[in-house]
Structure formats: C-alpha cells, structure tokens
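**Student:** Below is the structure I would like to discuss, written out as structure tokens.
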Amino acid sequence: MSLQWSFSLLLLFAVCSMSEVAGLAPPLKVSAFNIQTFGKTKMSNDTIANYIINITSRYDIVVIQEVRDSTFFALNKLWAGLNLTGPWGLTLSEPLGRTSYKEQYAFFYRTPKVTIRGTFQYNDSALDVFEREPFAVEVEYYSVAKLANNRIALQALHTKPTDTVQELQALPNAMRAANASFPNAKGIIAMSDMNADCSYLSSSNRKQLEIFQNGTGFTSVIPDTFDTTSTAGTDCAYDRAIILGQGVVVSGAATYRFDDQLRLDVDTTLAISDHYPIEFNLY
C-alpha cells in the first residue's frame, strides 16, 4: 500500500469519526451504471422503468452508460421519475461512436448537493483510439473531509470490448487531459464499464496497464475479485473506478446487487441490465 493511499485512509477514518460526532452531512453517494441498451423500448416497460428509477435514486450523482435514446423518451422518463424524489439535473454527452451505432454518457445528479461547473469531451480524432471518447464533468460539492466546497472531475468511458487493452492504455492521457481542463479540480475519477476483466482483459495484460500499477499515481477502488455482472455464470470485474489526484477521498466501494436487494427473478434482472451499478462514497 502506497504512503499516499495510507494517508488518505487515515484521513478518511478521521473524517468518518468527526462526521459522526458533529452530525455533519453524509458523503456523496456516487455510481456508474451501464444500463444495457438504455432507450425507448426498455423504458416503455413501466415495471422495468420503475426499477431503474428506484436503483438510480439511491445516488447523489450517477453516470449512465449505453444510452441509445434519439427521441429522449428514456432519458426524460428517468429524469421525471428521479425528480419525484427531489430536484435532479442532467448533463449529457454528444452521441459517440465511429459508425451509425452510437452511445451517450448521461450524468444525473441531485442539484441541492452537486453543481456541474464544466464539461470536457476528450478528442482523439488524430489517433482514433477510442470508439466512444471519454466524457468528463467537473462537479462541485460540499466535502465533509475539508468542511468546505470541493471540486473534482468525473469521467466516463465505455470501452469497445475488442479494443479494451488499447483504450485502457490511452485512458491515463485522457484522465490527465480532463483534469488539466478543470484548473480548480483536485483530482479525477474515471468510472464506467471498462470491460476490464475476463476475456477482454487478461490478468497479464491488466498488470501492464498504468492505471492498475502501484506507484503511478492511479488507484483502482474496484478490486479484481468483484463481480459487476448480473448474468448467471459470469464473474467479471468489468466496471471500474480509477482515481488520479491526492484531493480525492473515497470509501465503501461496492456493487449494488439489485437482483438480491429487490428480490428479482432472472428475467426481470436481465431486462434491467446485465451489469450491476458500481458505487462508492465521496468525501
């Protein structure tokens, strides 16, 4: 364990203790959720739509991936459902992809707790490494670690499965570029379905990637042992959260196993998504 990460953990324990004593506001609950083929067909099913609203409303900010919604029906229905729990905002990337098949990244956030101060669309048109270029937002929130407002960047990347190694090799540059575009940001978290396990990323290839190496300044908070898929028979940590920057303090990284928590059958589970949301607390 690095000295930097050890210090962050000590700081986190101190913050948690102070928060309990002083009755401070809780940390932000942050999530990344690949909702498989999120579009009109899926959200036209009221039962499935209500489950998706229920799941996403657990968070203060969540980035949805695999958004394929040219009519905005699905996005608007989710947004309307979330607003029944309090005011929410939405920041959306442009449709991304080399072919007619395109996806968007959608950041939903509770406006009383989170303010979006800026966006950054990474452009790699010269090298064209990414199928769907990373998209980042600068968020401002009240930090219970600093007892003051804080800014960090959150970045989404849904890798093309067959290009996972090449895209994750390029991710550090994309993270640094996004962080540099927000001068007031104290760090960045890339969080999304990176296809970073099993047949798409072998253990040997993973060890060669900067984002998973010790001493590089990057920290992966979703362990290789996690299963982020809801499909029976798979056990893969496809979805990850990668931190760069000493100003980012998190805890409680986990997957939300909505099938178990909501007591869903297999068909309903897969109708929602073949991925679980990943989640963590941001201080």
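Every residue gets a Cβ built from N, Cα and C, even glycine.
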**Student:** With the disulphide bonds as TrEMBL has them, who is the partner of Cys236, out of Cys16, Cys198?
**Tutor:** Cys198
**Student:** On the 0 to 100 scale, where does the mean pLDDT of the domain 'Endonuclease/exonuclease/phosphatase' (33-241) fall?
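**Tutor:** Averaged over the domain 'Endonuclease/exonuclease/phosphatase' (33-241), per-residue pLDDT gives 98.
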**Student:** Using DSSP reduced to three states, classify Cys236 (disulfide bond) as helix, strand or coil.
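**Tutor:** Once the DSSP labels are grouped into three classes, Cys236 (disulfide bond) ends up as coil.
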**Student:** Would you mind sorting out which of His158, Cys198, Cys236 (the recorded positions) have a C-alpha within 10 A of the one on Glu103 (active site)?
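**Tutor:** Cα within 10 Å of Glu103 (active site): His158.
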**Student:** Cys236 (disulfide bond) has how many other Cβ neighbours within 10 Å of its own Cβ?
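**Tutor:** Taking every protein chain into account, the count is 19.
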**Student:** Among all protein chains shown, how many Cβ atoms are found within 10 Å of the Cβ of Glu103 (active site), not counting that one?
**Tutor:** 20
**Student:** Which site among His158, Cys198 has the most other CB atoms no more than 10 Å from its CB, taking these as recorded positions?
**Tutor:** His158
